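Below: one structure, written as structure tokens.
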Amino acid sequence: MSEVTKNSLEKILPQLKCHFTWNLFKEESVSRDLEDRVCNQIEFLNTEFKATMYNLLAYIKHLDGNNEAALECLRQAEELIQQEHADQAEIRSLVTWGNYVWVYYHLGRLSDAQIYVDKVKQTCKKFSNPYSIEYSELDCEEGWTQLKCGRNERAKVCFEKALEEKPNNPEFSSGLAIAMYHLDNNPEKQFSTDVLKQAIELSPDNQYVKVLLGLKLQKMNKEAEGEQFVEEALEKAPCQTDVLRSAAKFYRRKGDLDKAIELFQRVLESTPNNGYLYHQIGCCYKAKVRQMQNTGESEASGNKEMIEALKQYAMDYSNKALEKGLNPLNAYSDCAEFLETECYQTPFNKEVPDAEKQQSHQRYCNLQKYNGKSEDTAVQHGLEGLSISKKSTDKEEIKDQPQNVSENLLPQNAPNYWYLQGLIHKQNGDLLQAAKCYEKELGRLLRDAPSGIGSIFLSASELEDGSEEMGQGAVSSSPRELLSNSEQLN
């Protein structure tokens, strides 16, 4: 194929709606355990969702440099779409075909790439668009993919867009509910139970969403009501691994640790190589030890041996988790009840990819805020996550200016900028400079007060600049909202 045709192909590639244009991973950095989780879902998910996972697996294989394996995954996806969505096969295949074009392009097989370009073009022409169309099923496909990659905010947008066209679609509604549930770990993005209840109403057989509703109600101190949904889901889907795993989390948080261990072990029967599950069981045994110690049972004559046995179980399962290739950062990141230093500080000292470390610092920051823990610690981990993001694009600049991390990451009109600066100076032992920064933050907050008290803390020029600054910055004013928009800053 001629060079001209290659150039024309390169103009088409960015127009294709597929994994290569969805910005799934920052700098194409994939967490190490994602491929295992995707493969696990291919094995145990219902057939109609497997094509979505095969497409994602194809992209992961490409990022690993294994394009031949990527092509095999795309063939599997194409076959499944033909089987499960025969009436919509062409539209449902657009994402797969787009992925084909990109993989063949990277392999230098331009004639094969052109074959799939023509397939996309023929389908999209029916909708008066050459290479991409707006279609709710495609938004849903992207939504599930973004959700699997941990990009919950983007997934939420995709499902909301799909629901605009088909507001009563059960799959779209379930996707939105799941995305919003995962966003609920961020204290600024908590949501009501309505979206979960609506998803259950539209899809009453979706037992996984029922368990998520139970977990949400538990978080709202409505544990008894939540347990009814969990019990119903377990009764109707006693072997569904995502239901069992989430139900186990419910009982772990309830303190019914024996029930939690039983459910986690049932999941292990289907996924014996899942290190995360071994870790969860180990955490449950640790919690059982603490339960006995807190109630004074450890002093009883026969209980000392039991406690030692529980400690050994905890150690055995933890070691088993590591043997199975557990990524410590992902294991610890969703255990809000294990925020103690012994469980949470260890992974940050591990040698792991920046993409995983950055994600975990941000999750830890959110958990500290959500649970009302140390504000200084929340800011510290928020800065660590932002710093990792900055280093990945400009490593030398950060290396040369280690003391000015926050200034490089946040503009002065960012919400609570001076409060953040104050905390940094405080942590560095410069209390005088910290006090000056806190004064500036107070001045910002009080700038528009009728009494003019803001002038005590700000210079005349800073007061004059204030109106423009406030217009550009977010409306956040609480110190606890300091890092609420960190995803946008990364």
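Heads up, residue numbers simply count up from 1 along the chain you see.
Keep in mind that glycine also has a Cβ here, set from the backbone N, Cα and C atoms.
Features reported for this protein in Swiss-Prot:
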| type | residues | note |
| --- | --- | --- |
| REPEAT | 51-84 | repeat 'TPR 1' |
| REPEAT | 94-127 | repeat 'TPR 2' |
| REPEAT | 136-169 | repeat 'TPR 3' |
| REPEAT | 172-206 | repeat 'TPR 4' |
| MOD_RES | S203 | phosphoserine |
| REPEAT | 207-240 | repeat 'TPR 5' |
| REPEAT | 241-274 | repeat 'TPR 6' |
| REGION | 386-409 | region 'Disordered' |
| COMPBIAS | 391-400 | compositional bias 'Basic and acidic residues' |
| REPEAT | 415-448 | repeat 'TPR 7' |
| REPEAT | 450-481 | repeat 'TPR 8' |
| REGION | 467-490 | region 'Disordered' |
| COMPBIAS | 474-490 | compositional bias 'Polar residues' |
| MOD_RES | S478 | phosphoserine |
Key: List of residues, in chain order, with Cβ under 8 A from that of S203 (phosphoserine) and at least 6 apart   = P170, E171, S173, S174, V209
Message = Per DSSP, what is the helix/strand/coil residue tally across the repeat 'TPR 5' (207-240)?
response = 27 helix, 0 strand, 7 coil
Ask   = Using DSSP, how many residues of the repeat 'TPR 1' (51-84) fall into helix, strand and coil, respectively?
value = 31 helix, 0 strand, 3 coil
Request  = With DSSP as the yardstick, break the repeat 'TPR 4' (172-206) down into helix, strand and coil residue counts.
outcome  = 24 helix, 0 strand, 11 coil
